[in-house]
Ligand SMILES: NC(=O)c1ccc[n+]([C@@H]2O[C@H](COP(=O)([O-])OP(=O)(O)OC[C@H]3O[C@@H](n4cnc5c(N)ncnc54)[C@H](O)[C@@H]3O)[C@@H](O)[C@H]2O)c1
Ligand SMILES: N[C@H](CO)Cc1c[nH]c[nH+]1
Ligand SMILES: [Zn+2]
C-alpha cells in the first residue's frame, strides 16, 4: 500500500476544545432555557425571532415561494423514501407465544418511541432532503409526536422555504427555528417553549454531533452522523471524471468532510487527482470543497483487491462506492459501511436525494457498529412473558439457586415465595 495523497490528522487539542465549548452551551440552555436559545440564535445565525415554533401561516407562505416543479420533486422523492420505509417496516415483526419450555410463553412487541426531534442541518446549505429522510421513517414507524428543527437562513428569522415544505410533505407535527448544539440541548432537557423529546435523530456539523454525544442518555440518539464521507474503491476500469465528481460531491458539504479514493491502478489515481483539480476550478462550491479535499482528501494505492476490501472494512466509511468491473463480487467482501453503491451507474448522490434509501448515515467509523437511520431507528423491541403454575414451580428452584449463588437473597425469596404458595 502507498499513500499518494495524505489527509491531515485531527489533534487532541481540537477535540478537547470542541467538547468544552459544547458542554458550556448545553449547561447554558439547561439553566437559561429559551433565553439562551434566543441568544445563540442571534450570535450564530443573526436570528431575532421571539417565538421559536414555526406557525402554519409561515408554512403556507413557504409553499407559495416554491414552484410547482419544486413541490412535485419533493413529493416524488418523498414517495420513494416512504415506499422503502414501509417495505422495511414490514420486515420488523412481533414474536408471540415462544416456548423455551412447557408453560412459559415469551414474546416481543414492536413499539414506536413516543416523540422525537428530527435535526435538519441548515448552516452551509439548507439540507431539505434530510427533512424527508428523518421525518418519513419516524412517521412510518408510528411516532406520535414528530418535531423538527433547523437553523434559520443566516441574518433572517425564517427557515429556508424548501426545508419547511419538505418537513410538511413528510408529515411533521411541530417545527422550531433553532439549530446547532443549543437545539440538541433544548430537545434533550426541554425549555419553556420546546417540550423535551424521547429521541433526537439527524446529521449535523461538529457542534451538533458533539452535543448529541453529550446529551445521549438524557435522550436517545440515532448515532454520530457528522461531516460527510465517501470512499471510492476503483480498479481503474471506470471514468476518472465520474470518480472525481463523486469525491467532490461529498467534499462540498463541509470543510471537515472527507473523500477517499482507494485504487489498485496508479495511473488511474493520477487521472482522478487531475480531474478533481479541474472540476474544482469550475465548481461554485469550491471554497468549501477545496478546503475539505486539501485537508482531508486521501488517495491510497492498494497492492491488491483484497487489500482494498480490508482498507474499506477498517475505515468503515459513511458511503462506500464500488467502481470496479467485478463490483458485485467486491460488494460481497464489504461489511463496514453506512450505505453501499455498487457499480459506476449507482452514484452516491442518488441515495442522497431520491432513490429511496436513507442518507442519514454513520460517520467517524460508527459504521462498525450501526447502519443508518431507518424505520427501525424509531422502534423498540420490548419483551414480555407469562407462565403457568406448573412452569413456575419448575423454574422457581433453578432461579432461587442461581440468585443465592450471586448472593441476592431477595431475588431467591421472590422465586421461592411463589413456589410455596
Ligand atoms: N452523516 C450524515 O448522514 C449527514 C447527512 C447530511 C449532512 N451531513 C453533514 O451535516 C453537516 C451540516 O453542517 P452545517 O454546518 O451546514 O449545518 P448545521 O445545521 O449542522 O450547523 C449549523 C449550526 O451550527 C452552529 N454553529 C456554527 N458555528 C458555530 C460555532 N463556532 N460555535 C458553536 N456553534 C456553531 C450554529 O448554531 C448553526 O446554526 C455537514 O457536516 C454535512 O456533511 C451529514
Ligand atoms: N451526503 C449527505 C449525507 O452525508 C446527505 C445530503 C443531503 N443533501 C445532499 N446530500
Ligand atoms: Zn450529499
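Counting begins at 1 with the first residue displayed.
For all residues, glycine too, the Cβ spot is worked out from N, Cα and C.
Feature annotation from TrEMBL assigns active site, proton acceptor to 318 (among others). Neighbour count (other Cβ atoms within 10 Å of the Cβ, all protein chains): 30 for residue 318 (active site, proton acceptor).
Residue 319 (active site, proton acceptor) falls within a strand when secondary structure is assigned with DSSP. Around residue 319 (active site, proton acceptor), the C-beta neighbours below 8 angstroms that are at least 6 residues distant in the chain are 228, 229, 230, 231, 250, 337, 338, 339, 341, 348, 351, 361. Taken from TrEMBL, the feature active site, proton acceptor covers 319 (among others).
All chains included, 28 other C-beta atoms sit within 10 angstroms of the C-beta of residue 182 (NAD(+) binding site). Under the heading NAD(+) binding site, TrEMBL lists 119, 182, 205.
According to TrEMBL, the substrate binding site annotation covers 228, 250, 253, 319, 352, 406, 411. Proximity of residue 406 (substrate binding site) to non-local residues of its own chain (separation of 6 or more, Cβ distance below 8 Å) is seen for none.
Around residue 411 (substrate binding site), a 10 Å sphere centred on its CB holds 15 further CB atoms from the protein chains shown. According to TrEMBL, the Zn(2+) binding site annotation covers 250, 253, 352, 411.
Confidence annotation: the coiled coil (1-35) carries a mean pLDDT of 93 in the model. Taken from TrEMBL, the feature coiled coil applies to 1-35.
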Quiz item: At the level of the C-alpha atoms, what whole-angstrom distance separates residue 352 (substrate binding site) and residue 182 (NAD(+) binding site)?
Solution: 26
Quiz item: In sequence order, what residues of the same chain, 6+ apart, have a Cβ less than 8 Å from the Cβ of residue 119 (NAD(+) binding site)?
Solution: 134, 148, 149, 150, 179, 183, 184, 200, 201, 202, 203, 204, 208
Quiz item: What Cα-Cα separation, expressed in whole Å, is found between residue 318 (active site, proton acceptor) and residue 253 (substrate binding site)?
Solution: 13
Quiz item: Rounded to a whole number, how many Å is the Cα of residue 253 (substrate binding site) away from the Cα of residue 182 (NAD(+) binding site)?
Solution: 21
Quiz item: Checking the recorded positions 119, 182, 228, 319, 406: which ones have Cβ within under 6 Å of ligand 2?
Solution: 228
Quiz prompt | Spatial separation of residue 205 (NAD(+) binding site) from residue 411 (substrate binding site) - C-alpha basis, Å | solution = 47
